[in-house]
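Structure first, commentary second.
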Amino acid sequence: MSSPAVPDYSAVVSATGFLRPRASRSTELFHDHLSTSRRLLVLIGAGLSAASGLPTFRGQGGLWRKHDAKQLSTPAAFEDDPALVWTFYLERIRAAKDAKPNAGHLALVELAEKREGCLTISMNIDGLSERARHAASQIHFLHGSLFDVKCNKCDLLLRDAEADTALQPLLVQPPESPLQQSNIPHCPKCHVGLLRPGVVWFTEPIPSGMLRSIHAWIEADPVIDTMLVVGTSAEVYPATAYIEGARKRGARVAAVNIEQEDPALLGLEEQDWYFQGDAAELVPQLLEPVIGRGASVE
Ligand code: BJW
């Protein structure tokens, strides 16, 4: 006796209760579309770096020593307990220094090299796209960098080597010894504030020049062909709004995520794609028509 037919879930009930066609899973159709795509917007989140061993923000990776990572990423948390927040970030700085870009990062670098009209918006602060040599003119780091520091009172911003020097009193602390507030360096400019991570926390504005530049790119001609959304829960604004922004400019959206599609989140439609799996594996495969099979991790 033949087994009952597998139900066809090609339609899912949307958050509003209407039946909606499901996004495509076809790599072949995506490859066809990508081959003719000239302007592409890519949004990357913590899931891209998961295969490099770095924890994500929400879900299983979102708990750090019993603290919710989201709660620690606020100016209020730093005001309350700067030593705790710095302990969290120092651990992440050390982990990011030890991590290596994966095949997903490298594939996106190659995509940018092969497609002048490709812009990447990264929410990641881990430095892995930079280390993969993503062209600086084709990527914006919306949430700053783990390797920068700012003052919590004035406008001081120190980058890379300067930040590293300023942070030496913290970096020389043995990772296992508890950090005291007295260990945190004061701002070398105003001498009043404390140095803090050079990242954008909840309720803080993204640098306005960066926002203007992204807006101008989205509104420029010709239309956007493809919006690739990789390894993000798409819960944080303004990053998430760029998906809709690209769609309004004509883009078909392709999402890559290890979890099953959540129809309420991305609002994917019939002309879009959803690929479930590890970004480090899937992104190079999806980009093959443009980058070939070359992208490999050293
Ligand atoms: C894989 C995988 C694998 C896993 N392969 N996939 C009410 C009050 C106050 C503010 C707001 C409010 N309503 C809205 C706001 C604005 C707020 C916001 O968006 N809040 C929402 C949560 C509702 N946004 C802001 O405050 C922003 N500023 C702003 O808007 O200014 C104007 C304004 C101010 C005040 C009010 C209103 C407007 C700033 C946002 C800054 C976010 N900063 C952080 C911390 C950065 C520093 C740090 O990293 O420590 O950025 S929060 C955190 O979330 C971090 C991330 O970049 C960001 C996004 O997370 P991401 O990348 O999506 O990670 P996850 O963990 O969420 O998801 C990982 C995904 O990967 C999952 O889907 C997995 O399934 C998947 N995955 N393994 C593929 N191997």
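Keep in mind that glycine also has a Cβ here, set from the backbone N, Cα and C atoms.
These figures come from a predicted structure and were not determined experimentally.
In TrEMBL this protein carries:
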| type | residues | note |
| --- | --- | --- |
| DOMAIN | 20-298 | domain 'Deacetylase sirtuin-type' |
| ACT_SITE | His143 | active site, proton acceptor |
| BINDING | Cys151, Cys154, Cys187, Cys190 | Zn(2+) binding site |
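Features as recorded by TrEMBL, highlighted on the structure.
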residue: His143; record: active site, proton acceptor; DSSP (3 states): coil
residue: Cys151; record: Zn(2+) binding site; DSSP (3 states): strand
residue: Cys187; record: Zn(2+) binding site; DSSP (3 states): coil
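Sequence-distant neighbours of Cys151 (Zn(2+) binding site) (same chain, 6+ residues apart, CB-CB distance under 8 A): Cys187, Lys189, Cys190, Gly193, Leu194, Leu195, Arg196.
Report note: the Zn(2+) site is defined by Cys151, Cys154, Cys187, Cys190, and the residues of the same chain whose CB lies within 8 Å of the CB centroid of those residues, excluding them, are Asn152, Lys153, Asp155, Leu156, His186, Pro188, Lys189, His191, Val192, Gly193. Taking the C-alpha positions, the distance from His143 (active site, proton acceptor) to Cys154 (Zn(2+) binding site) comes to 19 Å. Counting neighbouring Cβ atoms within 10 Å of each of the binding-site residues (Cys154, Cys187), the lowest count belongs to Cys154. Taking His143, Cys151, Cys154, Cys187, Cys190 as the candidate recorded positions, the subset whose CB lies under 6 angstroms from any atom of ligand 1 consists of His143.
Local packing around the Cβ, expressed as the count of other Cβ atoms within 10 angstroms, is greatest for His143 among the recorded positions His143, Cys190.
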